[in-house]
Structure formats: structure tokens, C-alpha cells
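Annotated features in Swiss-Prot:
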type: BINDING; residues: LYS252, LYS472; note: substrate binding site
type: BINDING; residues: ASP385, ASP387; note: Mg(2+) 4 binding site
type: BINDING; residues: ASP604, ASP608; note: Mg(2+) 1 binding site
type: BINDING; residues: ASP604, ASP608; note: Mg(2+) 2 binding site
type: BINDING; residues: ASN748, THR752, GLU756; note: Mg(2+) 3 binding site
type: MOTIF; residues: 385-388; note: motif 'DXDD motif'
type: MOTIF; residues: 604-608; note: motif 'DDXXD motif'
type: TRANSIT; residues: 1-53; note: transit peptide
Amino acid sequence: HHLTANTQSIPHFSTTLNAGSSARKRRSLYLRWGKGSNKIIACVGEGATSVPYQSAEKNDSLYSSTLVKREFPPGFWKDDLIDSLTSSHKVAASDEKRIETLISEIKNMFRCMGYGETNPSAYDTAWVARIPALDGSDNPHFPETVEWILQNQLKDGSWGEGFYFLAYDRILATLACIITLTLWRTGETQVHKGIEFFRTQAGKMEDEADSHRPSGFEIVFPAMLKEAKILGLDLPYDLPFLKQIIEKREAKLKRIPTDVLYALPTTLLYSLEGLQEIVDWQKIMKLQSKDGSFLSSPASTAAVFMRTGNKKCLDFLNFVLKKFGNHVPCHYPLDLFERLWAVDTVERLGIDRHFKEEIKDALDYVYSHWDERGIGWARENPVPDIDDTAMGLRILRLHGYNVSSDVLKTFRDENGEFFCFLGQTQRGVTDMLNVNRCSHVSFPGETIMEEAKLCTERYLRNALENVDAFDKWAFKKNIRGEVEYALKYTWHKSMPRLEARSYIENYGPNDAWLGKTVYRMPYISNEKYLELAKLDFNKLQSIHQTELQDLRRWWKSSGFSKLNFTRERVTEIYFSSASFMFEPEFSKCREVYTKASIFTLIFDDLYDAHGSLDDLKLFSEAVKRWDLSLLERMPQEMKICFLGFYNTFNEIAEEVHKRQGRDMLGHIQNVWEILLAAYTKEAEWSKTKYVPSFDEYIENASVSITLGTIVLISTLFIGEVLTDHVLSKINHGSRFLHLMGLTGRLVNDTKTYQAERGQGEEASAIQCYMKDHPEISEEEALNHVYNVMENALQELNKEFVNNKEVPPNCRRLVFNTARIMQLFYMQGDGLTLSHDMEIKDHVKTCLFIPIA
């Protein structure tokens, strides 16, 4: 109903009088126009109070005498658009069943995780197939591997991963297979086809970027080429490009100090089959892994076994073949890699809530093998890499495990640069991206994280400028899109629903990695993850659309659309809650979060647009006393605000009582009283042109930013009964809530202080700091505020991770409320000017546009 002159139909409010008492009687409160008079009648039950009202048509000074009308951009989202969101996007019953099936199948994937699922490596299988029978007969010890080679040649005559064509990979695998078949004098047809493939395709390697080159290629390929020549295989040995590769190998071998090869484990252990002429086999055995392998490489381990007859090498190969049957992968195990990347994948796709137990089991496993020097792709891998280590550090830390950022020092050189392996200069886009993502989850004083952030940002931005940039370690569907998102929406600006939407579009179910050969990880990249992510996203979006429609109807029926002094931002505000508390079970939490946020916005505009401090103090007193009798003395617009507020929070208080098992209206009143006191103080500052000190300003402004008010009410709906002790850990006196308010206030001020100064508002973090330090410039003050904010965000990280006295969902609510402010004020005032900023695009993708 609309509040319009000369009509009987006016906003109707259902209210509770004396809601704090045990009686909790429900009565009807509403406004109506008195017939033939300029009075509004507030009716409570059978009684009514007449309040004089001057029509705006008869008195143009309505706003000048009470409220100063401020010009705001109109709401961007029109009713017809919101109303058009129909059930056509709702998940059908068949899709609900499919979701259940996919969840069950993915749970089973996690339960089946052992040492790592991966595809065959023709290259490594060829090396294992070379091993002669231990009884001295002229037969292979693993004849099943020879048979696998014979049966798995591709149609073009090559061997290798069939889904991806990489000339380096195919040529390497094909050369290994034709040598093995020649050694066993079998597969003449296959050898002939393989040689033909080599002759016609070898030149393509020259056209591929160096970053496409498999790990250790320049070591193992020339060595095998030399062996092929001895065997008399008809290959184009005189190709200039092949000669260049041989020269690179010779140059690299000269750079390898002999003492380094045997002093400590390095990635050279991964390619010992290509170093046979220089290896001291007795010395190299000191670097054998506990599982009997050499850096988890079947090819390297097979070469060592053929040279030494070491039983542990053979045990490892038997172990791998027992798992895979008649072939081997390019490295194994991959247990840490598989678990970390699977967890990261379901989290980024936004489906992790379905797999909480499975994720905990996976991370418990990783943590049990965590090493302060870093980790590799397998639990007993002696050579840690920055990719697995950074991924582990970030995920384990965010899940509450005690891990130190000092682990990254293993991978930093004397120039402050970060590399994938200790003592090497190799790095790729995906490993630097993982280090960058990790660096944002920093705690105060962790300089190594800041160094990692600067180094990786520089590297990744340079990679984006290079059109031909290709990742060293992975074949990703859209690695460029992943990097662009990560650099633009860093950890404190990336909301879960937005990241899920982006990653669903960038995720490749057929993504592969590049080690010594191309390999795939089916428990990391598969169609099931993607299908579930799409269905789940659309299901949640449908729920959110219905909730948004209800909230907009509430806004209109409450009469707020007639308040000309405030902003209508129902859709943007609802988006702010749905972007992180998106699960179905938090529906009421989202509703309360949105309604509380709307009232803070109305009150903010009310107190900013004041004409009389007495009116504002009256309003604050009415909230404090929860007293309807003060309605008579309020201006008309203030009356609508108070009645809508009064009734809404009486209803909320009743729902809180059901959920928390006690009457908490007093708690709710107190939360609002604290906020309105902060508003009043700011109004007094504004009217007197007072500029407080920086500390005085922050003490008040970290409350007036309203985030604490919103959180302290909506946290009562997270599904847990909260004790007074828990509430004390997130009240306005707590460090956690202060940091949330502080970071929110500072990011707001950095983007709005100039515009507000133009409107006569003198107090901001920047202006107050300049008052304390008159010798500095505005730019210096702004930089100081940014530094304070960044330090506070690091403290907030630590509170979020380590404050175990606060339930996880409470922590999540506080932390993500701080993050949503960083997103909204990324470009400017994203709430007031949302129609001109990317916020409107985020709203569309999160709430309106389903995923096909």
C-alpha cells in the first residue's frame, strides 16, 4: 500500500507492544489519514492518536524545516525486472535427484583417494618395459608393459596423451616406445609407424614455445636420441633443431657441479635415465626416497634398477604396477597434490559445503605429512616445490591448522625472487598464481608473505602482457582468466559466489599437467565437479531470487519507497549477504542481514540529512525506550522510519526468542542504541564543523559504519545457540568486531571523503589524520590510511583463523562482512553509485543470470 494523501489505504504494521515483557501481546499498529483533515492517525488497537501533519503540497518547507532532501541516483533495479524472475530457472525434480547422485559420486572420489589417480605415461612405461627378466632369460621382466605399448599406439603412429597434442610430449614418448620395442625385437609394424611419425612431426617441436617443453626434456631426449642412433633407427638426426637440443644438454651438464648431484635431493633425480654416463650409482643411492623411488619417477627408478639391481627400486616398481596393472604413470604417488587440488577445486566451484567431512579427512592427511621445509606432490617426496607448498599453506591455514609462512623461505633466492624448486630458476604461471593467492592470507609481521605478494604480482602482470605466455606446468582451459580474476579480486575483495561463478566459467574438466610427460588427474579435473557446480549454483540462485522478491515487497509495503531522503538499494544490499551466506539454511540470516542493513542505510541518510538535532535525539530516545508515545513529536518521515523499524524488529525479536531460547529484544535494542549514539555524535560534529582527532574519529566511526549492528543481529540466525560469552567475543568491545568496522570505515572514507567534503562533511579519516599532522599532504594522509587498513586486514585474517572461541559461522559472517565492504568500495561508493560501477554486473551474475 502507498502512503498517499486523501486515501484510506496506508502502510499497515503488525507490532508487539511491551515486547520485552513476558506477556508479549500482539496488537495492530497502523497509520491512516484522518478524513477531511491534515492529520495522520496512529492507531493501536481501539485507541488512536492524532498527529498534526502538513501536506508537502501546502508547505514546501517540509524538508527544510525537518529533513534536508538529498539527491541520490535512483534505484537501478526496476520492479518489473525483479518481478520477472520466475520459476523457470528453478531446479527441476530430476535435477535435484541428479545433484544427490553427483554429491554421492564425488564423496566416493574423496573416499577412494589413496596414492593418486592419474593416466598412463607411455614414456615411463617404455622405460619399465626395458627391464630384463631377473632369471637371465632374453625376456622382459614385466611383459605386460611391453604388451601395453603394443596395444596403445595412437592412430597417427605416436604414443602419449591422446587428448592433448604437444609435439615435445608425443615425440619423447614415441622415441622411448620405439627404442623399447626395438630392444625386445617386437612390434615391427608399430616401430615403423612410430619412426614415420617422428620423421614427419619432429620439426613441430621447433614451433612450440620453450615453456611447452616437458621437465628434464633437454636431459633425457638427447640421451635417447643417441641410443636410437646406435640401434640404427632411421631418424632425422641432422635436423638443426635436434642438434640445438643436444648442444643445450651438453651445456647444462657442464653447469651441474658433481658435488651438488649427490649432496642433496634435486629435480635431477627425476631424470636419471638421461644422466647414465655421468652418474656414480653408489653415491646416488644415498638420495633414494623412502618408498624406493627416485623422486617418484618410474622411468628414473627403472634406470637405477637396471644399473644397480637395488631391491627397493624393484619393490617400488612392483608397487606401482600392482596399482595400475600393465602400465605406469609419469610420477607416483601424487597423494598430497591430489588432495590439495581436489579441495581447492570444490571450494572454488562453490560446492565444498557438501563435502565437509571429506575435506577434513583430506586436510588431516596433508597436515600429517606437512614439513617446515615445504612439501612436494607426494608424502615422501624429498624435493619440496612451491606450488604444493603454497597451496597447502593457504588451505591449511584457512581451515585452522597451525602452519607457518616461513615455509616459503625455502623457495626464495638471494635477490628476493621466488621459484618452484630450491636452487633453480624454473617457475610457471600456476605456481606463481598459487603463491599469490597464498600471500593474501597473511598475518601481521609476516614479511615473507608481503615479499611473495609483490614478486608474484609483478610476474603475473608481466605474463598477462605476453600474448604467448604459456604455463610451464599445466594445460588450463583459461589460465589467463584465472590470473585476471585473482589480480583484480584479491582475497579481501573476492566473495564466494562471485569466485564460484568465475571459476565455473574458467574450470576445465579436461585440464592436464606437464611433468616429464602430459598427465591428467581425474579426481581434480572432471565433468562431475562442473555439472554439480552448475546445478547447485542455479538452485541457490533460484532461492535467492524468491527471497529478493519478498524483500522488495516488504520495502514497498512498509512505506519506505515514499521516503525521499534515502537510497533504495534493496537489491544491492541483499546481494551483499547472498554473496557469502548463500546456503539454503541461512535464508533467515540473509533476510535479517538485509533488513538490518536497510535500516542502517535509512538511518544513516536520516541522520546525515538532519535539520534538527532535537529530532534526531528524539528518535534515538524512542529507540532506547522502545516507546510509541514519542511518535506524536516526530516529523512525518521519521514516523514512517520508526514504525517500520519498530514492527520489523519486534517480529525479529520473536523469531530470535524461538531460535536462541531466550528473550533478546534488550540485546537488539542495545545494538541499535549504540549505533544511533554514534550517528548523533557525527551529526553534532557536522553541525558544529568539528574535526576530531584521528583516534577519536576512529573510535566512533568504526561503529557508525554500521557493520557491527548488522552482524550482531544477523549472527543470531546462523543456526547455533549463542551464549553471552560468545556474544562478548563479537560485541563492539571485541577486537574482531573493531577490525571489521575499522577496515570498513577506512575503505569507505578513502573512496567518499572528497565527495562528502564537497557536501560540507569535514570529518573523515583523511581529514582527521591531517589535523593531527598538519605538516603532511593529503596524499600522504591517504597513503597512511591505506597502510592502516592493510595492517588491520592482516589482523582480521588472524582473528578469522585463530579466534576459536567464536563459532565458525559467526567468524565467517564477521570476516565476509568486512570483505564485502572492500568489494563495494573497490572503485568508489559502490552502494550509492552502484549503477555506474561493476557492482551491478556482480548482482546480475550472482542473482539474475543462470549458468547454462
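Cβ from N, Cα, C; glycine included.
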Beyond the flanks of the motif 'DXDD motif' (385-388) by at least 6 residues, Cβ under 8 Å: 336-337, 340, 374-377, 408, 410-411, 418-421, 427, 430-431, 434-435, 473
Alpha-carbon distance [GLU756 (Mg(2+) 3 binding site); ASP608 (Mg(2+) 1 binding site)] in Å: 11
Most Cβ neighbours inside 10 Å, all chains, among the binding-site residues ASP385, ASP604: ASP385
Per-residue Cβ crowding (10 Å cut-off), top of binding-site residues ASP387, ASP608, GLU756: ASP387
Integer Cα-Cα distance in angstrom, ASP387 (Mg(2+) 4 binding site) to THR752 (Mg(2+) 3 binding site): 39
ASN748, THR752 as binding-site residues, winner by CB count within 10 A: ASN748
Number of other Cβ atoms within 10 Å of the Cβ of LYS252 (substrate binding site) across all protein chains: 13
Proximal residue to ASP385 (Mg(2+) 4 binding site) among binding-site residues ASP604, ASN748, GLU756 (C-alpha distance): ASN748
Rounded inter-Cα distance in Å - GLU756 (Mg(2+) 3 binding site), LYS252 (substrate binding site): 63
DSSP-assigned states of the motif 'DXDD motif' (385-388) in counts, ordered helix, strand, coil: 3 helix, 1 strand, 0 coil
Helix, strand and coil counts within the motif 'DDXXD motif' (604-608) (DSSP): 5 helix, 0 strand, 0 coil
Rounded inter-Cα distance in Å - LYS252 (substrate binding site), THR752 (Mg(2+) 3 binding site): 57
ASN748, THR752, GLU756 excluded, remaining Cβ within 8 Å of their centroid (Mg(2+) 3): ASP749, LYS751, TYR753, ALA755, GLU761, SER764, ASP829
